[in-house]
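*Asks:* Residues or ranges marked as domain 'Major facilitator superfamily (MFS) profile' by TrEMBL: 7-400. Annotated transmembrane segment per TrEMBL: 45-63, 75-92, 98-117, 129-147, 159-181, 208-231, 246-268, 280-300, 306-324, 336-355, 375-394, in sequence order.
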Amino acid sequence: MPTALRVFVPFALAYLLSYLLRVVNAVAGAPVTAEFDLSPAQLGLMTSLFYMGFVITQFPLGILMDRYGPRRVEAGMWVVGAAGCVVFATAGDSSQLFLGRFLIGVGASIALMGPMTAYRHWFPPEQRALIVGLHMACGGVGSALGGGPTEALMDAIGWRGVFLVIGAATIAASLLILTVVPRRHEPRHPTDTRILAREMFAVLTSRTLWRIAPLAATVQIGLLAVVSLWAGPWLRQVVEMPTDEAAAWLSATSVGLIAGFLGYGVIFSRAERYGLSMHVFVIGAIAVMLCPILFIVLPLEATPPIWILYAAIGPVAVHTYNITSQQFPVEMAARVNTALNLVVFACAFLGQWGFSLILDLYRNDEGAPTREGFQVAFVALLAIQLVAMLPLLLAKSREPEPAPVRPS
């Protein structure tokens with residue numbers, strides 16, 4: 001197998017599983033909610049714990065990957081994800097559900113940052129945007145599997161069986177990464193952890209990071225927190241679609257996601273040649289902000305296709321990892337990516353939970369979310385995104401500050 005494929009395929013398959021785990025509650029959430037009598041706020045909290053797992057791991061992951069390399073670290077983290085699947089599948093009460101979901105998030109928290117770090121070492125700058133687009137498209141395939149295919153599998157073996165199957169697949173992904181990805185580019189003389197931590201703090205306090213992080217994070221709330229969980233309830237409970245028709249729309253939304261990942265890969269690859277990547281991101285971010293407005297103003301029967309549009313343009317912020325990491329030395333790639341990811345998933349956790357709390361305030365007599373609740377939540381999301389754009393628009397200079405320099 002060519003070296004490029006040995007690097008790409010194992011990481012991409014693991015990312016497919018991470019995206020499946022991210023969105024699976026859009027389908028599995030209904031039977032889980034019924035069995036454990038969860039409110040919309042409880043369902044939102046349980047699902048958002050996936051992102052809390054991301055938040056608490058980003059700081060140590062950045063240091064570990066720069067010290068030991070992404071291959072070994074990602075293989076180990078997926079074992080934790082598999083354990084989370086088992087805990088979730090065997091849960092006897094809601095607290096065990098919450099713990100399982102959290103552990104799944106901890107394991108999956110490296111699924112994007114590991115490859116981003118590896119690709120920085122293995123591929124030249126002009127190829128990275130396209131490689132990242134292809135990688136993210138595999139996540140879109142995972143999202144598609146979280147629709148109709150998961151519904152069919154759940155009918156056959158139940159939601160608990162679905163999570164056991166995914167858990168077994170994550171173990172296989174861990175072994176594939178460990179045995180197939182080449183060891184070249186792994187640090188031969190690991191840097192002292194204290195130096196790595198000091199540099200990580202320097203990244204976290206960097207103007208370069210905070211100029212772009214607020215907008216990158218809040219734009220991704222739409223994709224990570226809204227589309228992944230609330231597209232299904234909107235279709236089933238607000239539009240009042242039959243379950244099988246809603247599952248078909250969710251799968252179509254995943255096709256939009258794949259198209260977005262691939263399309264942005266090509267667009268950013270070309271933009272990179274002319275130094276226009278940041279301009280593309282800002283234009284894409286503005287387009288993402290238009291989607292909540294469409295959900296608010298359009299008649300209900302016209303809204304299902306908007307979920308496809310939302311999924312297609314939502315991935316624009318993924319390329320901010322590449323934009324930001326290029327402002328720092330290559331040996332700091334993991335810490336730069338995980339610093340940005342920490343901000344992104346902290347916002348995803350708060351965004352998904354906050355969205356759920358708003359919906360909980362506007363439940364109907366059957367306890368289901370209403371369109372009025374969605375409208376209020378979408379207005380709140382749009383306001384947050386507009387505020388988050390200010391640091392980028394008000395920046396006095398687009399030139400990055402000097403990156404932290406390691407003492408000799």
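The backbone N, Cα and C atoms fix where each Cβ goes, glycine too.
In terms of burial and nearby residues, how do these features look in this structure?
*Replies:* Sequence-remote contacts of a segment are chain residues at least 6 beyond its ends whose Cβ falls under 8 Å from one of its Cβ atoms, and for the transmembrane segment (75-92) they are 14, 18, 21, 57, 61, 99-110, 114, 160-164, 166-168, 170-171, 173-175, 177-178.
Only residues 6 or more beyond the boundaries of the transmembrane segment (208-231), in the same chain, are considered here, and those with a CB under 8 A from a CB of the stretch are 22-23, 25-26, 29, 43-44, 47-48, 51, 143, 249-250, 253, 257, 278, 281-282, 284-285, 288-289, 291-292, 307, 310-311, 314-318, 320, 323-324, 327-328, 336, 339-340, 343-348, 351-352, 355-356, 359, 369, 374, 381, 384-385, 387-392, 395, 400-401, 403.
Note on the transmembrane segment (306-324): residues 112, 116, 128-129, 132, 136, 143, 208-209, 212-213, 215-217, 219-220, 222-223, 226-227, 231, 234-235, 249-250, 252-257, 259-261, 263-264, 268, 277-278, 280-281, 284-285, 287-288, 291, 294-295, 298, 336-337, 340-341, 344 of its chain, located 6 or more positions outside it, place their CB under 8 angstroms from a CB of the stretch.
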*Asks:* What else in the chain is close to the transmembrane segment (98-117), if you only count residues 6 or more beyond its ends and a Cβ gap under 8 Å?
*Replies:* 11-12, 14-15, 17-19, 21-22, 45-47, 49-54, 56-58, 61-62, 65-66, 70-71, 73-74, 77-89, 91, 132, 135, 163, 170, 318, 321-322, 325, 333-334, 337-338, 341, 345
